[in-house]
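Enquirer: My questions all concern the structure below.
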């Protein structure tokens, strides 16, 4: 088996190296071209050893020896950054001031509502029932419920011309009769006003002429 390599050279001579049974022999061969060729003779059993000697490997590597770790190209100098520990957030002074201001507003609102309730009940700052120490405690005795009660307005019932037409609780009123008619029959007919007296016979209007125009006395 032969392996030939052609390294570039400017000289016209070439160096031929041959390895036979582990010994290296050099032969100088003059050639007309400028590319010397290295010929290597080896059998199939020693071919691997010869290739390792030519490539620079000092000793063949055993199959059980661990392989060196391979690093991908461009990532050999990659360093894992340290994990940043989460630090507790510090509340700014503005947010703390806002919470304090809102808390003071709520307390002032609560105190003002309490004082107003006591004043409505009939007791002010000079009342014996008013005590600055017991502002947080409100008992029913401190409040005057009759004075706090609001009178609901009374809505008058709408009445008709007869005085009892608009009372829905009166069984004889037209409203109750209308409701009963709708509940029984599903409809209710209102009576139409009559302009003429009921005793007189209604007047009939002729729809067609009674006499013929040919029999008129003018002709």
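In case you wondered, yes, glycine gets a Cβ from its N, Cα and C as well.
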Enquirer: In Swiss-Prot, which of the ranges 17-26, 27-36, 37-46, 47-56 has the motif 'VQ' annotation?
Expert: 47-56
Enquirer: Can you check which of 127, 173 Swiss-Prot annotates as phosphoserine?
Expert: 127
Enquirer: Quick check on the motif 'VQ' (47-56): DSSP residue counts for helix, strand, coil, in that order please.
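Expert: Taking each residue of the motif 'VQ' (47-56) in turn, the totals are 9 helix, 0 strand, 1 coil.
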Enquirer: The motif 'VQ' (47-56): mean pLDDT?
Expert: 82
Enquirer: Who sits close to residue 211 (phosphothreonine): which same-chain residues at least 6 apart have their Cβ under 8 Å from its Cβ?
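Expert: Sequence-distant Cβ neighbours: none.
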